[in-house]
Each structure stands twice: as structure tokens, then as C-alpha cells.
Amino acid sequence: MKFSEQWVREWVNPAVSTEQLCEQITMLGLEVDGVEAVAGTFNGVVVGEVVECAQHPDADKLRVTKVNVGGDRLLDIVCGAPNCRQGLKVACATEGAVLPGDFKIKKTKLRGQPSEGMLCSFSELGIDVEADGIIELPLDAPIGTDLREYLALDDNAIEISLTPNRADCLSIAGIAREIGVVNKQLVNQLHFEAAPATISDKVQIDLQAPEACPRYLLRVIKNVNVKAPSPMWMQEKLRRCGIRSIDPIVDITNYILLEFGQPMHAFDAAKVTQPVQVRFAKEGEELVLLDGSTAKLQSNTLLIADQNGPLAMAGIFGGAASGVNSETKDVILESAFFAPLAIAGRARQYGLHTDASHRFERGVDFELARKAMERATALLLEICGGEAGEICEASSETHLPKVNTVQLRRSKLDALLGHHIETGSVTEIFHRLGFDVTYANDIWTVTSASWRFDIEIEEDLIEEVARIYGYNSIPNNAPLAHLCMREHKESDLDLARIKTALVDADYQEAITYSFVDPKIQSLLHPHQEALVLPNPISVEMSAMRVSLISGLLGAVLYNQNRQQSRVRLFETGLRFVPDANAEFGVRQEFVLSAVITGTAKSEHWAGKAESVDFFDLKGDLESVLSLTEGGHRVRFVAKQFDALHPGQSAAIELDGQEIGFIGAIHPSISQKLGLNGKTFVFEILWNAIAARNVVQAKEISKFPANRRDLALVVADSVPAGELIAACKQAGGEKLVQVNLFDVYQGVGVAEGYKSLAISLTVQDNEKTLEDEEINAVISAVLAEVKQRFNAELRD
């Protein structure tokens with residue numbers, strides 16, 4: 001079923017978006033198949049009136065018009081629609097308007113005549129209406145009003161799939177009722193005045209099959225104008241629900257079908273001989289249907305008939321002989337309850353499927369027929385005029401359905417849901433659904449509503465509780481079972497932990513192809529042979545990657561081309577390096593790679609925009625390495641790589657073995673790739689860092705820590721990391737922390753040297769250290785750095 005979101009919100013309007021509303025509807029069991037706008041995207045289209053309309057002097061099929069759009073002057077517009085005429089209210093696209101497809105309206109000349117706008121058809125506005133010519137608006141449409149506002153076109157058509165047991169939702173009222181329940185909102189009740197009988201005409205009813213039709217209502221309405229146009233609001237509501245406007249009588253019955261879910265039918269009173277019979281077909285009877293086809297009736301088919309023969313297939317299809325046409329003056333409205341078993345399968349016997357049969361065979365609210373008749377009468381008198389007779393009803397209380405009363409045990413509810421819901425909450429859910437309910441001795445006794453044919457057994461009530469309570473609100477408890485767990489080393493480092501750390505550092509994970517452009521790869525790794533695919537997807541994807549960097553740089557370029565200047569990406573995956581000694585002649589190595597470019601931090605009013613540098617990426621990598629067992633043994637050793645800037649590149653070494661690289665992409669390569677700004681990358685073997693420190697708990701020292709600061713002068717070539725490592729090694733167990741807090745070059749330091757300011761924290765777990773003991777540690781450190789690096793204390 002397709003319905004208008006705006007129409008439903010007239011009944012109940014929760015404070016949720018369209019997307020959230022669709023999610024709610026789906027979780028209620030009414031699966032949303034699709035959502036589409038009811039009109040195209042356009043602006044600048046207003047209600048106008050054709051004040052003058054004359055033939056174009058140089059074109060037989062064009063007309064020259066003057067249109068009033070509420071401005072200070074009339075607009076000259078050339079129109080080719082055959083229905084364009086004086087006095088017509090139209091949809092006028094004024095200068096500057098933009099129609100679907102980004103079609104812009106400008107002043108122009110057509111065959112020498114000025115045209116300052118465009119009179120639009122439905123199709124030109126992206127509105128799905130089968131109509132020739134331009135839109136004809138009601139004569140009372142206010143001139144100058146925005147068409148989107150006038151027709152309420154900011155709306156969506158939502159299509160849902162219903163299971164056969166939920167026929168109660170085959171209407172706007174039913175869907176609104178469900179939305180109101182889940183949002184704990186009352187549904188706006190439709191208020192209309194029942195039309196009193198103003199004439200004494202009645203219709204005699206001969207109910208011969210009460211078991212198949214326990215309730216049948218007819219009403220005469222005389223002197224109707226079937227040529228009156230259906231109001232635009234009704235046509236629009238029908239259109240958005242997928243029903244085409246035909247004439248006011250048919251439109252009204254279709255409107256009631258959609259609004260209440262009650263199928264109705266209208267007969268031409270002049271073509272019906274009373275009494276109207278409700279009976280089963282007789283052998284040999286035939287009926288010419290409204291579509292012109294002839295049905296050879298079978299004896300199990302319920303009919304509406306008169307003394308002259310069949311008038312309609314009950315609850316399925318009307319007959320042509322009694323149908324309403326343009327000459328009809330008096331009509332008989334029909335509203336009935338047909339038993340589902342009397343209709344089910346009958347339409348398919350004749351190759352038919354109608355909106356009426358679709359509802360009746362699933363079940364229609366048996367209390368709805370009179371309300372639907374009153375509503376249809378009110379609409380008919382409002383639109384077509386006329387005089388209404390009394391509502392004539394024939395019914396059989398014996399054969400009318402009975403509302404089911406079902407009991408629900410607390411133990412059964414808990415066992416089936418695997419979750420305990422408070423008693424008050426369950427009772428409230430039943431009340432919100434419109435059910436009568438009592439609770440005693442851990443049992444709910446529930447009486448369903450007339451519109452809920454599907455509530456028959458205990459499990460039906462459990463389903464109602466679950467879907468209204470919310471399937472997502474029921475904990476997803478895994479079943480208990482005995483499992484054989486695999487061995488897991490405590491020292492194994494989970495890759496997900498590393499990914500989380502990078503995401504926390506404002507990186508995003510990327511997944512790029514293992515196939516790369518050989519030209520780009522040779523630019524980055526000119527001395528590395530690559531595997532070439534014999535049958536590649538394309539020339540640009542014909543080589544296996546020897547590094548993840550080429551793919552990440554492509555991702556950076558992709559983002560920069562889309563106005564993303566700050567890019568921080570990481571990727572994990574295999575690189576494929578040809579190796580005669582490896583299995584199958586290729587070494588597959590799992591690596592972690594990352595790339596950064598742009599500013600170091602996101603734009604912020606309180607922060608200064610600084611570009612990333614080598615140490616930003618190095619710091620992020622060191623943070624990752626701090627999670628690993630060997631992170632403190634990793635060294636960054638200056639080394640040149642083909643793809644990297646010779647002055648900003650280093651090899652990553654663990655215990656003297658190279659496990660990766662880090663640095664800035666070479667400027668010439670950045671230029672050839674089209675990258676903007678400096679780009680920094682690293683790549684490291686995962687297996688080399690895939691172990692973590694196993695936590696060893698120890699008591700925190702309660703004795704004071706002593707800090708000593710040293711300013712050591714060393715040669716420029718001495719790495720600070722090696723100096724710090726030497727300090728830690730020489731200081732022994734009492735030296736608990738070493739930190740580099742300043743680097744200085746300038747006055748007081750000889751050229752070619754630098755001053756490294758280092759803090760040493762000395763502490764013992766068993767006693768307060770004396771000055772002599774502290775000085776001994778400091779002396780050992782000074783002696784070690786003197787011997788290894790010829791370090792001197794700065795004056």
C-alpha cells in the first residue's frame with residue numbers, strides 16, 4: 001500500500017523525521033518498501049490566472065496570453081497547450097524559476113512574441129499525473145500563492161508491504177493508529193457532521209446470504225451533479241496513494257477506501273430495480289463488468305443483484321449495467337461487511353484483483369460500514385450536491401464476527417520473549433492498542449478490537465507486546481552453551497586495539513585496491529619489481545601493490561579534489577613483494593600504513609592552523625608503538641628512500657632490524673601526483689609489533705622522587721633517543737624516568753653542537769634516598785654519556 005506522509009500526519013504527527021517514521025513503521029511489522037517525493041524539485045512557480053488568450057500571429061499551435069500572478073503588471077507568456085484559455089487558473093513559472101532537471105526560466109521570444117514565463121503541466125513539475133496540457137487549478141485558487149504551498153507538495157509517498165493478517169493497516173486511519181501507539185500519542189479523530197435524511201426515499205434490501213454478508217447498507221442520494229470536478233485536495237491525496245482521479249463519485253468511494261479501509265460502491269439508482277438482493281450466483285448467470293469484460297459466474301460467487309439479474313460481484317467488482325456515468329442523476333451508495341471466507345479466492349477465479357477484494361478477503365472492521373456511509377454522504381453532498389435519503393441497513397447479528405477474548409500467561413510471555421517486561425507496561429500496551437484488558441493471578445485477559453481479526457491465540461498477544469515494546473528494547477542475550485575455547489596468548493596484541501588508537505587520534509580507516517597503477521607504483525618504488533596481472537581489470541589496476549602507500553596517496557588525492565584539505569588515513573593489508581625464496585615466488589607481508597596532510601588539528605576558533613610535519617606523524621606512530629611490547633626498542637634512523645624527501649625520512653628499526661619507513665613524500669613526486677601541500681607517510685610490518693606488554697602489577701613507591709635536570713652538550717649528529725637510552729641503561733633501577741624537555745642551539749653552544757636538557761627522576765621503593773645515593777646515579781649517567789657521546793655539562 002502507498003500512502004501520503006502528510007495525510008497520515010493529519011491524524012497523528014509525532015515529532016520524528018520521515019526517516020525515523022519509516023523506521024518506526026518497519027519495526028511495527030509494516031515493512032517500508034520505498035519513499036519518494038510526491039513532486040519534483042522546483043521553485044518560483046505560483047498560481048496565476050489567464051486574463052487574455054489569443055492566437056499567436058505566426059504559429060497555429062501557439063497562443064499568446066497575459067497572465068496575472070499577483071504582481072504590479074500582467075505577464076506576457078506564449079503557451080502551446082491546447083487547454084489554455086481565458087479565465088483559467090494555472091501553475092505559472094515566473095522568470096528565475098527553476099524546474100526539475102535544473103531547467104531555468106528566462107525571458108525570451110517565441111516566434112517573435114515575448115514570453116516572460118511558462119505555464120506548466122504536471123509532468124514539467126515532476127508530478128505523476130496523466131493529463132494533457134497545462135495544469136488546471138480550481139477557480140478559487142489564490143493568485144500569486146506559491147504552488148508548492150497551495151498543493152502542499154512538500155510531501156512523501158511511502159509504500160509499505162503488509163502481511164495478510166494486518167488488513168487493519170490498509171488505510172490511513174489504521175497506519176495512524178499504529179504510529180500513535182508506538183509514539184504514545186492520541187490519534188486525531190475525524191470530525192464531520194452526519195448528513196440528515198432530507199428525502200423519504202428508501203432502498204429495500206433482500207439479504208439472502210447473511211452468513212456471507214452479515215451487514216449491508218444502502219442509501220439513496222438524488223439530484224447529484226456527477227460532472228462537478230473533484231476538489232484538488234482530494235485528487236492530490238488519491239494521486240499520492242497511487243490512485244488516479246476519475247470522477248467525483250468514484251473518487252469519493254476511493255477516498256473512503258484509503259481513509260478508513262472500507263470499500264464502497266455506487267450504483268446508478270435509475271438502473272436498479274428494488275429490492276436489492278444479496279445472494280449467491282445461479283448457474284449460467286453472466287455479468288458484464290465495469291471494464292467491459294464478461295464474467296461467467298460460478299455458484300460460489302456472492303452477488304449484488306435485483307429483479308433483472310446481477311448488478312455487481314459483491315466486494316470485488318461492479319457491473320457495467322448499473323454503473324454511474326455522466327448522465328447519472330441519482331445514486332445508491334453501498335457500504336457493507338462481507339465475510340472474508342466468502343470473498344477469499346473468488347476474485348482470482350475470474351483473474352481479478354481489486355482494492356476492494358484485497359481488503360475484504362483479509363477482513364474489514366465490521367463496525368465501520370455506517371461511519372463510512374456517513375462520511376461518503378457528507379463528501380458527496382459537499383462536492384456534487386444532492387439530497388440524501390435514510391440509511392437502509394440489513395444485518396444478521398448471529399453471523400457478525402465476535403470480538404475475540406484471549407488469555408496471556410505471564411510465564412508464557414517471559415519464556416517466549418526471554419525477557420521480563422513490567423506488568424504495568426504490558427497492560428498499558430494493550431490499552432494503547434485499543435484492547436480491553438484485566439490482570440489477575442499472573443494472567444492477562446484481553447478482548448481485542450473490531451478491527452483486529454488476527455488476535456486469536458496467546459502467541460498473537462505476545463507478538464503485540466514485543467513489537468510495541470520494541471524488538472530493539474529486548475536484550476540480545478546469547479544462548480548458554482559449553483564452548484571449547486582456543487588458546488590465546490596474553491601477549492598477543494589485537495589489531496583492533498591499534499585501529500582504535502588511530503581512530504582516537506582522528507584518523508579514518510581506508511580500504512584500497514590491491515591492484516594499483518604500475519606507473520604510479522614505479523614512481524614511488526622505482527627499484528622494486530612488482531607482479532603484473534596478465535588479465536587486469538584496467539591498465540590503471542594491472543600491478544599488485546608492493547606497498548600500501550600508492551593506494552593511500554590515491555585516496556588523499558581523491559579527497560583533496562573534493563575540497564577536503566585535511567586528510568588523515570590509515571590502512572592495514574597485504575603487500576606483495578616478488579621473492580624467489582618465498583612460497584609461490586611472492587612474499588605477502590601484512591603491514592600497517594598511514595598518511596597525513598593538511599593542518600595538524602581541525603579548524604577551531606581557539607586554535608592556530610598549523611600544517612602537519614614529520615614529527616606529527618612520528619608522534620602518532622610512537623603512540624601506537626607504546627601499546628606494543630617492543631615499542632621502547634624501536635629506533636628512527638635517518639635513511640633515504642626513493643619516494644621520500646631526503647632530509648625528512650627515516651628507517652624504522654627494531655633491535656637493529658629495519659621493519660618500516662617514515663617520512664615526507666618527495667616534492668617532485670607530490671607535484672607529479674597532483675597532491676596539494678606536504679604529505680607524510682609511514683609503513684611498518686605488523687608481525688614485528690604484534691605483541692603487547694603483559695601488565696606486571698607492582699606497588700607504587702611511597703617514598704619521595706627526586707628530579708635532577710642536566711643540560712648536556714653533544715655533537716649535532718648524536719640522536720637524542722640514543723642519549724636517553726644510554727641514560728636509562730646507566731641509571732639502573734633507581735632511575736625511574738628520563739625525559740628530554742629542551743633542545744638548544746645558539747649563544748653559548750659551539751657551532752656543530754646542541755644542548756639537550758634532560759630530566760632524571762630518581763626514586764627507591766624501600767627507602768628515602770640520601771644525596772650521596774642520588775649523586776651516585778647522576779654520576780653514573782654522566783660517565784656513560786661522556787664515554788659514548790663525549791657529552792659535557794653545559795656551563
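For all residues, glycine too, the Cβ spot is worked out from N, Cα and C.
What Swiss-Prot records for this protein:
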type	residues	note
DOMAIN	39-148	domain 'tRNA-binding'
DOMAIN	401-476	domain 'B5'
BINDING	Asp454, Asp460, Glu463, Glu464	Mg(2+) binding site
DOMAIN	701-794	domain 'FDX-ACB'
An 8 Å radius from the center of the Asp454, Asp460, Glu463, Glu464 Cβ atoms defines the neighbourhood of the Mg(2+) site; name the other residues of that chain inside it, in order.
Asn165, Arg452, Ile455, Glu459, Leu461, Ile462
Look at the binding-site residues Asp454, Glu463 and tell me which residue has the greatest number of other C-beta atoms within 10 angstroms of its C-beta.
Asp454
Hey, which of the binding-site residues Asp460, Glu464 is the loneliest by Cβ count within 10 Å?
Asp460
Helix, strand, coil: count each for the residues of the domain 'B5' (401-476), based on DSSP.
33 helix, 15 strand, 28 coil
Please list, for the domain 'tRNA-binding' (39-148), how many residues fall into helix, strand and coil according to DSSP.
5 helix, 48 strand, 57 coil
The domain 'FDX-ACB' (701-794) resolves under DSSP into 31 helix, 32 strand, 31 coil
